[in-house]
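S.K.: What follows is a single structure, and I will ask about it in a moment.
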Amino acid sequence: MEENNHKNNHQSCKTRLLPKRIILVRHGESEGNLDTSAYSTIPDYKISLTEGGRAQARLAGSHLRDLVSSHGPCPDWRVYFYVSPYERTRSTLREIGKSFSKKRVIGVREECRIREQDFGNFQVEERMKIIKETRERFGRFFYRFPEGESAADVFDRVSSFLESLWRDIDLNRLHSDSSQDLNLIIISHGLASRVFLMKWFKWTVEQFERLNNLGNCEIRVMELGHGGEYSLAINHSDEELLEWGLSPEMIKDQKWRIDGNKADWNDHCTWYLRSFFDYESDSEDDVERS
């Protein structure tokens, strides 16, 4: 029995069905975005959307449906949602979901690991202003909020989520059908989305520090390229990528991923190696020790 299970799992991995797109969505405008004093009396996870935020989410749902239904040769497509447990992300999903029929939605999962960065329970407005100014001097990635988290902490839990996501794909727990385009839509928060991209594309801490936050209901579309790599450059222009904070080298990498093969990544991305080593030539000769 164990041998049969192993064979079945091995077969699932061999015939892994990759999602056509992985789409990151930040929640709509929240009461906290409109008035930061809300965080001093309302727990962060209970902060709700504004009416404007609900409208943004409905518009995002229409845009997402157009995106997944009008691109590519496959007319039969499905969506699977992951959502942060916060009120504002759940409400964003509810509004986005109005654009998708029940037939098109093959599943949804609340996922705590993609929740907002923990800033430390109730947030006193004046104190948080000083803390955030200190974060800018210290560095956004490693600065840990008192009684809360750093971006590095969020990176760790998002990395754990990504490992689970790959297991779901490997074992076809998402019930994907090879005749359908599968689109994963992850409704989360600005920082969680940025560290998701950082982990996926192997961006460095220095590159993360360059990134700008997503706007409310703004999306990032990672689409599967011809060589099996995901790229932001299929659905987004150079101007957009620059606006988000990607460097010219990062944009060049995104364009390579449209047709590139993972096995060739190190040869292509020499700039990545140069960020760690002082290579002055391409000589294969061993360096002589002095």
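Any Cβ shown, glycine's included, is placed from N, Cα and C.
From TrEMBL, here are the annotated features:
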type	residues	note
BINDING	ARG26, HIS27, GLY28, GLU29, SER30, GLU31, GLY32, ASN33, ARG88	substrate binding site
ACT_SITE	HIS27	active site, tele-phosphohistidine intermediate
ACT_SITE	GLU116	active site, proton donor/acceptor
S.K.: Among the binding-site residues listed here, GLY28, GLY32, which has the most company in the form of other Cβ atoms within 10 Å of its Cβ?
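M.R.: By the 10 Å Cβ neighbour count, GLY28 comes out on top.
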S.K.: How far is it from GLY32 (substrate binding site) to the residue listed as 'active site, proton donor/acceptor', counting Cα to Cα, in Å?
M.R.: 13
S.K.: So which other residues, same chain and not among ARG26, HIS27, GLY28, GLU29, SER30, GLU31, GLY32, ASN33, ARG88, have a Cβ within 8 Å of the centroid of the Cβ atoms at the substrate site?
M.R.: LEU34, ILE47, LEU49, THR50, GLY53, THR92, ASN216
S.K.: Fewest neighbouring Cβ atoms within 10 Å: which of the recorded positions ARG26, HIS27, ARG88?
M.R.: ARG26
S.K.: How many Å lie between the Cα of HIS27 (active site, tele-phosphohistidine intermediate) and the Cα of ARG88 (substrate binding site)?
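M.R.: Taking the Cα atoms only, HIS27 (active site, tele-phosphohistidine intermediate) lies 6 Å from ARG88 (substrate binding site).
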S.K.: Rounding to the nearest whole angstrom, report the longest C-alpha distance spanning ARG26, HIS27, GLY28, GLU29, SER30, GLU31, GLY32, ASN33, ARG88, listed for substrate.
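M.R.: Site span for substrate, by Cα atoms: 15 Å.
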S.K.: Including all protein chains displayed, how many Cβ atoms other than that of the residue listed as 'active site, proton donor/acceptor' lie within 10 Å of its Cβ?
M.R.: 22
